Amino acid sequence: MLIFNHSSFLTFTLTGIPGLESQHLWLSLPFSSMFLAILIGNGAILFLVATEPTLHSPMYLFLALLMVADLISALALVPKLLCLFWFNDKDITAKACFTQMFFIHGASVVRSALLVAMAFDRFMAVCEPLHYNTILSHSLVGRLGLVALAKGVILILPMPLLLQRLTFCHVVIPHTYCDHMAVVKMACGHAIPNRIYGLFVILLVVGLDLLLIGFSYGLILQAVVRLNSRDATCKALNTCSAHLFVILVTYVPALFSSLTHRIGPSVPPHAHVLLANLYLLLPSVLNPIIYGIKMKEIRHRVAKCLCRGPA
């Protein structure tokens, strides 16, 4: 058995999608299309929020922060993936691997924390509309954004730091990117602290964030039930619909990806890797579409820009 140290000279090899290596060129088409859609969609939302004073409300500021997290996640993942698919560039240094891991997983934690903040925003809009602008000031939005960023850094930074202490017996990673658990499996021995910490982060992020989101929507539902007017009920539910769709496209693929880890050998390796990539990219593709369709202000601004374009 070959044993490699954890020095800066260590290089890992990403295999891509196991069992589908011969199809990498064809698979690059949907991935490059998704990447282009992410850049255009998220970039357009960011541009609209930055340039339109009417979109400087807390809800749209949180949306802009979510778009930034989605862009960081995609930029950390897709360029290396496309180099692998197009040019068969499989090698990645340990430092580059750990850096990619930090940004991919860190962006996912930040995204989840922002969804909690957005649930609080929707709670305030439905349950406390008279105090909405007073409580959710721009400074509070900024502080909540910093809390989300700090959460991502504090929770994910120990992952690459712990990995640097390990000795690796394998360097061929059967994945398209440096997923934490995929790299841990390359280590000699069981790397129990790394596995325990990875599980702790999943339980803390997904478990706690979903609990807080569920609590917010429980209070929202309680307030909606008390409304006597059908129009008021529909308006309140429509206010939350975009955020609910985003929660579904964020956490459902994450749940399936996590289940494939636990089920193990019964899931084909290519299915697990494809799900892991969809879990990261699908929300980034769909978020701008969901908010573009559901939010009237964004629809109007997009229509205004398109009508102004030929002139």
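Note: Cβ is positioned from N, Cα and C throughout, glycine not excepted.
Taken straight from TrEMBL:
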DOMAIN    41-291  domain 'G-protein coupled receptors family 1 profile'
TRANSMEM  25-49  transmembrane segment
TRANSMEM  61-87  transmembrane segment
TRANSMEM  99-120  transmembrane segment
TRANSMEM  140-163  transmembrane segment
TRANSMEM  196-224  transmembrane segment
TRANSMEM  236-259  transmembrane segment
TRANSMEM  271-291  transmembrane segment
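For the transmembrane segment (271-291), the list of distant contacts is 17-18, 31, 34-35, 37-38, 41-42, 44-45, 63, 66-67, 70-71, 73-74, 77-78, 81, 104, 108, 111, 174-177, 179, 242, 245-246, 249-250, 253-254, 256-257, 260-261, 298: same-chain residues at least six beyond its ends, Cβ to Cβ under 8 Å. In summary, the transmembrane segment (61-87) lies against the transmembrane segment (140-163): three or more C-beta pairs, each 6 or more positions apart in sequence, are under 8 Å. Beyond its flanks by at least six residues, the transmembrane segment (236-259) meets 66, 108, 111-112, 115, 118-119, 122, 125-126, 202, 206, 210, 213, 217, 220, 223-224, 227, 272, 275-276, 278-279, 282-283, 286-287, 290-291, 294-295 of its own chain at Cβ-Cβ distances under 8 Å. Below 8 angstroms of C-beta separation, residues 59, 62-63, 65-66, 69-70, 72-73, 75-77, 80, 92, 144-145, 147-149, 151-153, 155-157, 159-160, 163, 177-180, 183, 201, 205-206, 209, 212-213, 216-217, 243, 246-247, 250, 254, 280, 283 of the same chain, each at least six residues beyond the ends of the transmembrane segment (99-120), sit close to that stretch.
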